[in-house]
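Pulled from TrEMBL:
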type: ACT_SITE; residues: Glu305; note: active site, proton donor
type: ACT_SITE; residues: Asp378; note: active site, proton acceptor
type: ACT_SITE; residues: Glu406; note: active site, proton acceptor
type: DOMAIN; residues: 42-143; note: domain 'Alpha glucuronidase N-terminal'
type: DOMAIN; residues: 153-466; note: domain 'Glycosyl hydrolase family 67 catalytic'
type: DOMAIN; residues: 467-692; note: domain 'Glycosyl hydrolase family 67 C-terminal'
type: SIGNAL; residues: 1-24; note: signal peptide
Amino acid sequence: MRIKSIILSLFILFLVNSASFAQATDGSQLWFTNQQLSPKVKTAIPTTVCIQEESATFKIIKEELAKSFPALGVGDVSFTKKSTKNIVLIGTADSKAIASMVSEDEFAKLGDDGFLIRRKQGDGTILIAANTEFGALYGVYEFLRLLKTSATDLVEIDRVEIPSYQRRILNHWDNLDGTVERGYAGYSIWKWDELPGTISPRYEAYARANASIGINGTVLNNVNANPDILTKDYLEKVKVLAGIFRPYGIRVYLSVNFSSPKELGGLENSDPLNDQVKSWWNDKADEIYAMIPDFGGFLVKANSEGLPGPQDYGRTHADGANMLADALAPHGGIVMWRAFVYNPDGDDRAKQAYKEFVPLDGQFRKNVIIQLKNGPIDFQPREPFSPMFGAMKHTTLMPEFQITQEYLGFSDHLVFLSTLFEECLDTDTYAEGPNTTIARITDGEVYNDSITAIAGVANIGEDTNWCGHHFAQSNWYAFGRLAWNNKLSSAEIANEWLEQTFTQDADFVAQMKRVMLQSREAVVNYMTPIGLHHLMGWSHHYGPEPWCEVPGARPDWLPTYYHKADSMGIGFDRSTTGSEAVLQYAEPLRSIYDNVSTCPEMYLLWFHHLSWDYVLHNGNTLWDELCYKYSSGVDRVKVFQKIWDRMEGKVDAQRFKEVQAKLAIQATEAIWWRDACLLYFQTFSGKPIPEELDRPVHVLEKLKMLKFDMTHHN
Ligand code: BDP
């Protein structure tokens with residue numbers, strides 16, 4: 001984390017010398033760290049495992065069991081092909097023993113990746129069955145998870161799991177030079193310079209971690225794509241990674257640059273209706289699939305933030321996406337076309353993607369899926385949902401979440417993003433009346449889509465603990481678990497993550513679960529409460545700069561565009577008296593958001609510009625409420641610190657100290673955010689901070705002078 005070189009000197013009181021701890025637990029083992037059998041598992045687990053099939057994936061299954069059973073104290077495993085009584089029986093219908101125990105109907109329900117785990121009453125056999133070897137692998141990871149978490153006993157287990165989304169994909173914003181855009185855990189784990197010859201052991205560890213939580217796809221490179229990724233040289237490297245990931249059920253995808261035919265192929269242009277361009281892509285697809293037969297497809301950021309796209313040639317997003325889709329279709333590949341588009345001369349930024357894409361509804365090929373960020377602007381600590389989710393009824397849509405904490409304190413702040421993901425997935429769009437949630441729209445329940453997918457922008461780097469903050473691992477974990485089952489609650493996810501990653505100690509789990517579940521609201525409160533958004537520093541997006549001015553800058557990249565604070569009040573009027581963004585939502589949301597007295601308080605300043613004296617439902621004026629919210633965010637982090645301090649001795653010393661040090665940074669920076677925002681907004685409101693609240697400890701003019709050298713940013 002080299003970004004800290006500057007920030008540390010300003011805010012951090014001490015550094016942790018991790019080398020000084022005996023018996024270091026460094027986080028490299030992720031959620032495989034705590035190999036402890038749950039006390040809830042009272043039944044004896046058979047140690048004879050019958051697997052009748054052979055493949056690289058079944059080999060992994062055997063290795064996992066051979067490693068885990070002794071570690072958990074279940075015993076040493078013996079493998080057999082003979083099906084007897086009191087065994088763990090794992091496989092697909094290709095295994096005779098399995099076929100005789102699972103009906104065709106049951107198999108039909110499981111689909112490609114689903115599995116069942118059932119304890120056969122009478123002889124004690126535990127059955128893990130699936131249609132594919134990958135389903136069996138997921139079943140085994142689930143079985144091991146059940147052994148390690150207190151969720152259930154296994155005596156009467158009989159469960160079927162079918163993933164919510166077919167494609168559960170990580171998006172790496174990793175550049176070919178090893179840097180990571182918005183990555184806060186060191187350089188990229190992909191060592192492009194060393195590939196294809198040298199293979200880091202991290203690649204397989206990565207595949208294992210992903211498979212264990214059901215992730216089955218990875219886009220290796222940044223959406224701001226370098227055309228070189230499609231050269232023969234890079235494809236050779238990609239092929240090696242695909243080979244490592246394959247037995248774990250993980251397909252590789254690539255972000256492509258729309259100008260590749262011109263940049264790489266030397267064509268005159270990259271016009272999607274140009275036959276030469278089409279054949280260039282067709283040939284490229286053939287070349288890729290000859291090397292990587294299970295290649296997943298392309299992710300495309302086009303005509304967005306200066307990147308090339310079909311509009312450069314007067315064509316539409318549909319023209320561009322369909323051309324690529326046609327090249328991939330014969331091979332079964334898909335196009336994930338991003339809808340993250342906006343331009344500075346346009347209308348309210350929050351409205352633009354909708355305006356560009358909704359008129360194209362129904363024009364995209366079947367193997368195109370439109371990838372939508374959860375909110376209409378950009379991964380802010382809190383945004384209302386993107387209205388496109390409810391508006392493209394004839395187009396397949398997939399959510400894109402950001403796991404990396406670009407706007408949420410990088411890898412220094414403990415923020416459990418599961419509650420953010422859950423809030424979005426559970427939001428009712430009312431597109432088809434009540435209960436048209438984003439989860440149901442995107443998982444195929446509402447419109448019966450033939451492809452379903454979900455993406456998360458990865459927070460993984462080469463740091464020993466993978467994500468920079470031990471608790472940031474929980475966001476990778478939560479994304480995978482929700483992609484597998486979008487009905488899981490954040491509480492369940494936090495529970496199982498804590499138990500596997502740290503300890504099953506009930507007090508630890510209860511206390512830290514509370515911290516995790518409150519953490520996102522805390523960050524919203526100390527950064528952008530009551531619907532505020534985009535108050536962060538220029539370009540690097542680190543820390544508060546609500547005053548930010550950059551000569552000649554695009555207005556829609558500046559905080560003042562969003563908060564519009566003046567002596568009269570604060571907030572962006574997106575109601576029918578303002579930009580009318582509310583009209584992009586279905587009723588009753590449109591009216592609820594439009595009316596200041598029914599608009600949920602958490603979105604108030606997103607949709608309305610209100611006077612400082614506006615009185616909220618709780619009787620506070622807007623100004624006072626802002627002060628209370630900012631302060632409560634800070635106070636919450638201080639409580640987190642105290643709770644964590646009480647956990648000393650319950651977790652290993654290394655991670656204890658490292659998390660403690662991160663919480664100290666977070667507490668300091670929460671105060672920084674509070675002071676910067678309140679002192680700055682106070683210059684407009686002219687009102688005092690309520691008597692009972694802590695006073696700012698910073699001076700506005702000094703905060704304004706802080707400059708961050710982000711040349712070392714990574
Ligand atoms: C913004 C990031 C930028 C990304 C862009 C995107 O600041 O680095 O390239 O999103 O999603 O949030 O394409």
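Here the Cβ of each residue, glycine as well, is placed from N, Cα and C on the backbone.
Feature annotations (TrEMBL) mapped to structure.
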residue : record                       : Cβ neighbours (10 Å)
Glu305  : active site, proton donor    : 13
Asp378  : active site, proton acceptor : 18
Glu406  : active site, proton acceptor : 22
Checklist line | Rounded Cα separation (Å) that holds between Glu305 (active site, proton donor) and Glu406 (active site, proton acceptor) | finding: 17
Check: Expressed to the nearest Å, what is the distance separating Asp378 (active site, proton acceptor) and Glu406 (active site, proton acceptor) at their Cα atoms?
Finding: 10
Notebook entry, point to check: Helix, strand, coil residue numbers for the domain 'Alpha glucuronidase N-terminal' (42-143) per DSSP?
Noted result: 39 helix, 21 strand, 42 coil
Item checked: For the domain 'Glycosyl hydrolase family 67 catalytic' (153-466), mean pLDDT (0 to 100) -> 98
Checklist line | Conformational class of Asp378 (active site, proton acceptor) under the three-state DSSP mapping | finding: coil
